[in-house]
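Trainee: Structure provided below as structure tokens; questions to follow.
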Amino acid sequence: MSDSGGFDSHPHVALIPSAGMGHLTPFLRLAASLVQHHCRVTLITTYPTVSLAETQHVSHFLSAYPQVTEKRFHLLPFDPNSANATDPFFLRWEAIRRSAHLLAPLLSPPLSALITDVTLISAVLPVTINLHLPNYVLFTASARMFSLTASFPAIVASKSTSSGSVEFDDDFIEIPGLPPIPLSSVPPAVMDSKSLFATSFLENGNSFVKSNGVLINSFDALEADTLVALNGRRVVAGLPPVYAVGPLLPCEFEKRDDPSTSLILKWLDDQPEGSVVYVSFGSRLALSMEQTKELGNGLLSSGCRFLWVVKGKTVDKEDEESLKNVLGHELMEKIKDQGLVVKNWVDQDKVLSHRAVGGFVSHGGWNSLVEAARHGVPVLVWPQFGDQKINAEAVESAGLGMWVRSWGWGTELRAKGDEIGLKIKDLMANDFLREQAKRIEEEARKAIGVGGSSERTFKELIDKWKCNNNTH
């Protein structure tokens with residue numbers, strides 16, 4: 001993009017993420033892309049963060065991009081006991097939502113647009129509508145999950161009884177213009193109508209039609225049918241444009257040369273090509289001791305080499321247990337000849353791009369699945385909570401991976417070690433999946449390349465925001 005026209009011709013875009021690395025990571029990658037497209041960028045932050053990883057991530061980002069303006073949003077005092085939730089990330093979302101009416105001073109001088117996290121949109125929209133400021137949503141899961149989120153308020157309204165309760169008679173939820181979603185795949189928290197998550201889920205779902213557009217970290221080859229249905233207004237009438245801007249690329253600031261990364265890469269260098277299964281359940285989830293034991297036994301029984309990232313606590317500030325305490329001495333001893341187990345932060349992009357890695361066992365977090373798609377690594381998804389079954393379905397439909405519906409949610413402990421081992425063996429030996437994953441890798445490369453679908457979408461957005469400069 002040319003620099004002609006002077007600095008004032010460049011759009012000025014602000015971004016407000018919420019809590020959790022799964023939300024923060026795509027926001028910072030999007031912000032970096034906006035900088036590279038010569039936008040002025042403001043990042044609205046809240047402190048303290050829930051996890052130490054979030055604080056470090058923001059700090060590294062701001063050091064790498066000094067041209068980005070940080071504006072700190074000071075939240076009102078918040079009593080966690082006033083909300084029907086215990087999850088620390090849900091509680092932080094609610095704390096930001098309750099302070100959203102105070103955002104206006106941070107949204108000046110005039111901006112071209114604000115990009116708001118999906119968890120905050122219903123609370124932030126009244127502010128931006130009052131300021132006549134275009135407000136876009138960054139949806140941090142799959143387009144398939146967005147189809148449920150956007151249509152869910154109407155579905156709930158149609159299922160409500162005279163007493164105010166919601167009754168689902170069927171085993172599936174019908175999504176207009178798309179295949180139905182099994183009721184068993186819907187995030188359990190959404191089904192508890194009294195929970196904080198369910199309330200905000202409905203409020204945010206109702207707000208999409210009032211926004212100016214929805215950005216999703218996906219691309220045409222990964223979710224073509226869903227994206228076509230959404231933009232054809234078949235899912236929800238009056239829905240604004242849905243912009244597939246993925247895969248959002250990792251940035252240099254995310255790559256840290258620390259001893260654990262060097263150890264991992266050296267170990268991978270010594271393994272045959274495509275022989276290692278990488279196992280990671282993301283930044284938020286700590287498996288139960290029982291799950292950890294079954295997964296460890298499954299990895300051993302698979303006979304495959306493996307790199308396993310183990311997490312002990314939900315919030316990293318509390319995670320002080322040693323690997324031996326988490327896994328137990330006996331399992332640690334069995335593992336050491338077949339795999340490498342680490343508890344530190346892992347540069348997932350470097351791992352997935354390594355020639356030795358031939359498969360990925362994942363919880364189904366969308367950022368991880370898109371990274372697997374970008375590197376052409378087939379995935380075995382073991383969903384644990386939230387949107388992850390729906391993400392797993394999207395990955396399976398695209399041909400990138402597999403998931404075992406009978407395992408249910410990971411916390412239900414339906415999967416035993418022997419069965420896990422067999423599925424890992426299937427994953428690593430599946431030539432068809434490997435070919436499909438490589439095809440998707442090539443499509444991902446094309447999408448963000450010159451003239452690719454995501455690159456064109458990005459330019460379309462920036463042109464819209466340039467026009468907004470003339471009206472502010």
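Residue numbering: from 1, along the chain as shown.
Cβ from N, Cα, C; glycine included.
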Trainee: Out of T119, T128, T140, T199, which one does Swiss-Prot list together with V346, Q348, H363, W366, N367, S368, E371, D387, Q388 for UDP-alpha-D-glucose?
Mentor: T140
Trainee: Return only the integer: C-alpha distance in Å from W366 (UDP-alpha-D-glucose binding site) to H23 (active site, proton acceptor).
Mentor: 10
Trainee: Quick check on the binding-site residues: of T140, Q348, S368, whose CB has the lowest count of neighbouring CB atoms inside 10 Å?
Mentor: Q348
Trainee: May I ask which of the recorded positions H23, D117, G386 is closest to Q348 (UDP-alpha-D-glucose binding site) if we compare their C-alpha atoms?
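Mentor: Comparing Cα positions, the candidate nearest Q348 (UDP-alpha-D-glucose binding site) turns out to be H23.
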Trainee: Look up G386 (anthocyanidin binding site) in the DSSP assignment and report helix, strand or coil.
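Mentor: It is coil.
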Trainee: Could you check which of these recorded positions, D117, S368, G386, D387, sit within 10 Å of H23 (active site, proton acceptor), going Cα to Cα?
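Mentor: Taking D117, S368, G386, D387 one by one, the ones whose Cα falls within 10 Å of H23 (active site, proton acceptor) are D117.
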